[in-house]
Amino acid sequence: MSLRIIFQILFYLHLLLTAATVIFITVYGLTSESGGQHFHPMKWYPPVLASTACGGIIGFMWQWITFSYPRNALKAAFWLGPLLTCLMAGMFVYMGTATSLIVGLVSFCSALAQSLYGCWARPRFEYATNILSVSTAFPPAKTRVLVLATIVIGTLYCCFLVSGIGGATALQDKFKLAFIFILVIMLSLGWTMQFLKNVIQLTISRVTYLQILGNPMDTYEALRDSINRSVGCIAIGSILLPVFTLFRGFGRSMSLLGGEDEILFCCVSSYMGMVNVLPKFGNRWSFVHIGVYNKEFVDASGDIWEIFTRARMLPLIDSDLTGALCFLSGVAVGAFCSMVCGIWILVMHQSYALEVSIYAFLIGYFMCRLAMGWLQACVAAYYVAYGENPENDQFDSTIPARLEQIQRSQALQLF
């Protein structure tokens, strides 16, 4: 039995067990006598559900703004991400508990890191705008309908899981291990939302790739193929890619802080040597070949990385800001949803404010990433198609000009 089949079975089994757990914990928690004394459903549920709907609406609007005005959206994301995160940190500090103070401090440090990254990445804004514009100039047909349908599914699924979290919260005084149910539900939320986003990425990247090659394909047909034959690969990628991205992000942060300390420099160099191998076993560009050629996830990742290496595109891929744009957009929407929910709950019932605000942030983040997935897919397909055949008449001078600029910059650093 292949790894693809194993993960396909695991994913469907996880959905079944999660649904059963949520239904049971919701019914038992809300009908339990202990829940009525300390848990107030009419004060707990409305803010969380409202912030969930808010995340879906803003996510859909933001992907349209990014598509229509990429230059302004890019700048706004790099401003709003740290700004809203900082405001969210202030809200956590205002809650006045030791835990909320720690969360607020972490959020403030995150806002500072985002700001510093924005300053460091600013010289690449022009190219990021150009590559986003050219790769999404002719989006696949029915993309907007597909994105809207996926956001609706994601919103309904989040609302379903929120009901289970509320049921587990109602049982916390009676059942001390109720937080385990909440943790399991949140892990299911992360895996499933990543899965939905990657379904969109695989589908749209396949259609865009074939469109560049002059072989147009119906978007709905591509979606059916993604669901029928690639569930296992998508499930694998939905687990591995966030982990690999976290490791690589941590390594890059440490390399910037390494400075001239020889011991720290050696440790960072060793760590980066190991981390730089990870894209060969898993990267987001692999969804293009998974969709087009029905490859296994690891095989597609290795082939894509070999294509980029052969085309001398690795510096370009490593400096691409599309992922950062989607991440900061998700952070901004998540922080906004967190403040909507947190301020509401502070007025209604302050003891729930911290946990509910964190749930709202995660849901808002995932909803925005889900909405932005098709944009990232178009850019990925454009890169892969260029790497395979740079002489294709469909390409303009955007990538060659950027590669030449990177080579000049590297040459100057040698002197």
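Cβ coordinates are placed from backbone N, Cα and C, and glycine is handled just like the others.
No curator has checked TrEMBL annotations; they are predicted automatically.
Here TrEMBL flags 12-32 (among others) as transmembrane segment. If one looks beyond the transmembrane segment (12-32) by at least 6 residues along the same chain, the residues whose Cβ comes under 8 Å of a Cβ in the stretch are 39, 41, 160-161, 163-164, 166-171, 174, 181, 184-185, 188, 191-192, 231.
Sequence-distant neighbours of the transmembrane segment (44-65) (same chain, 6+ residues past either end, Cβ-Cβ under 8 Å): 72-73, 144, 147-148, 151-152, 154-155, 158-159, 162-163, 165-166, 169, 329, 333-334, 336-338, 340-341, 344-345, 348-349, 352, 356, 359-360, 363-368, 370-372, 374-375. The transmembrane segment annotation in TrEMBL covers 44-65 (among others).
Remote same-chain partners of the transmembrane segment (77-95), defined as residues 6 or more beyond its termini with a Cβ less than 8 Å from a stretch Cβ, comprise 66, 101, 103-105, 107-108, 110-112, 114-115, 118, 121-122, 125, 325, 328-329, 331-332, 335-336, 338-339, 342-343, 346, 350, 353-354, 357, 361. Annotation source TrEMBL lists transmembrane segment at 77-95 (among others).
The transmembrane segment annotation in TrEMBL covers 101-120 (among others).
Within the same chain, residues 18-19, 21-23, 25-30, 32, 34-35, 39, 41, 44-45, 48-49, 52-53, 55-56, 59-60, 63, 178-179, 181-182, 185-186, 188-189, 192-193, 196, 199-200, 203-204, 219-220, 223, 352, 355, 359, 363, 366-367, 370-371, 373-374 sit at least 6 positions outside the transmembrane segment (145-171) and bring their C-beta atoms closer than 8 Å to a C-beta of that stretch. Annotation comment: TrEMBL describes 145-171 (among others) as transmembrane segment.
What TrEMBL records for 177-196 (among others) is transmembrane segment.
Residues 2-8, 10-12, 190-191, 194-195, 197-199, 202, 275-276, 278-279, 281-284, 286-287, 290, 295-297, 300, 323 of the same chain sit 6 or more residues outside the transmembrane segment (231-250) yet have a Cβ under 8 Å from a Cβ within it. Summarising the annotation, TrEMBL assigns transmembrane segment to 231-250 (among others).
Under the heading transmembrane segment, TrEMBL lists 321-347 (among others). Through the fold, the transmembrane segment (321-347) approaches residues 43-44, 46-48, 50-52, 54-55, 58-59, 62, 66, 73-74, 77-78, 80-81, 84-85, 87-88, 91-92, 94-95, 110, 114, 117, 121, 124-125, 127-128, 131-132, 245, 284, 353, 356-369, 372-373, 375-376, 379 of its own chain, all at least 6 residues removed from its boundaries and within a Cβ separation under 8 Å.
According to TrEMBL, the feature transmembrane segment maps to 359-385 (among others). Counting same-chain residues at least six beyond the ends of the transmembrane segment (359-385), those with a Cβ under 8 angstroms from any Cβ of the stretch are 47-48, 51-52, 54-56, 58-60, 62-63, 66-67, 88, 131-132, 134-136, 139, 143, 146-147, 150-151, 154-155, 158, 162, 165, 186, 189-190, 193-194, 196-198, 200-206, 208-209, 212-213, 284-285, 287-289, 304, 307-308, 313, 316-317, 320, 322-323, 325-327, 329-338, 340-342, 392, 394-395, 399.
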